[in-house]
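Worksheet for the structure shown next.
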């Protein structure tokens, strides 16, 4: 992607929801290397899939010759963005937030290049807000914001209209903080463009207005669309839980499986959003899937590309190895690290501490059988295997020989149902 066509490329991918003064922004991007930023508040100890599109946008702009700033909200994270949130956020302690800031900085770093003429910048807004007192804030920033305009914003109106919730002055002031981030980054780094999710539009335009007032600079905003599944449900949830980017919170195997499960109606759109494959390559994949008469390849390609982007080549190979091993019932290739991934979140797990060693008991306790009677029936019908070997004998007791790497026993019932027994170390 060249810097002369970055906006057209993003539009072709469906990645632009809103932008300010599109003609002037396009002209600016074609005429110089532009510094842009996106903010990431530490609301948890990890980023999740909802952060991935704007994060990849920073990388897309950098590959087009522009300079990205990844701003971690050490200050704004202490307040909490109320935009389209139904209730007040819980306030976390400064120590907790500082720890989360460090983790998120480490997560952001691999996506960007910190070398070359357009080397990325990592910033923390606590650096300028931490020493600012309340009088400075009210005099230098607050006087430029109209309460009349602020309460008309849709995100604020939604909260004000709810008698059971309302909005605190703390959260109401959030847009002032984010607005000042833009002005500060413009002053420090010459930043001229802010990107974010479509729910950030009000905060972004507030920052544009403040930067114009404080710095007499024209700056721009661009948002990415809210990502939803084709059925209208929120994207980025697995069984109701967020899909985290931290491999200790969501294993690479679970991450890979999430993408394999993407619906046919969504997969080509997500290839445009979440990969760096060209539009032509994605169109070719879609055309081939429609004419092949076999299972579509798009989900596999999406899973490979997204897992490689977030977790790297080795983690992708491990996710593929685990997937193939479970599918083939041949566990010989699995490593201790692979089984640890499955123990984290890949399979139903039964902690064997305090459990008996009878196979029937393990089947019932793990949920592979509803009762001991049903467990007996499954064993008698040859539907149960232990570490890939068919179980025989109703009175079978698990021994040390059934423990992979001294810790794990993989039970299987039927063709697809697994449970992982984890023995005390």
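The backbone N, Cα and C atoms fix where each Cβ goes, and this holds for glycine too.
In Swiss-Prot, the feature motif ''KMSKS' region' is placed on 234-238, out of the ranges 219-223, 224-228, 229-233, 234-238.
Helix, strand and coil residue tallies for the domain 'S4 RNA-binding' (357-422), in that order: 20 helix, 20 strand, 26 coil [DSSP]. Summed and averaged per residue, pLDDT over the domain 'S4 RNA-binding' (357-422) gives 97.
Helix, strand and coil counts from DSSP across the motif ''KMSKS' region' (234-238) read 0 helix, 3 strand, 2 coil.
Secondary structure of the motif ''HIGH' region' (42-51), assigned with DSSP and counted as helix (H, G, I), strand (E, B) and coil, comes to 3 helix, 1 strand, 6 coil. There are 15 other Cβ atoms within 10 Å of the Cβ belonging to residue 237 (ATP binding site).
Counted within 10 Å of its Cβ, the other Cβ atoms near residue 174 (L-tyrosine binding site) come to 23, all protein chains included.
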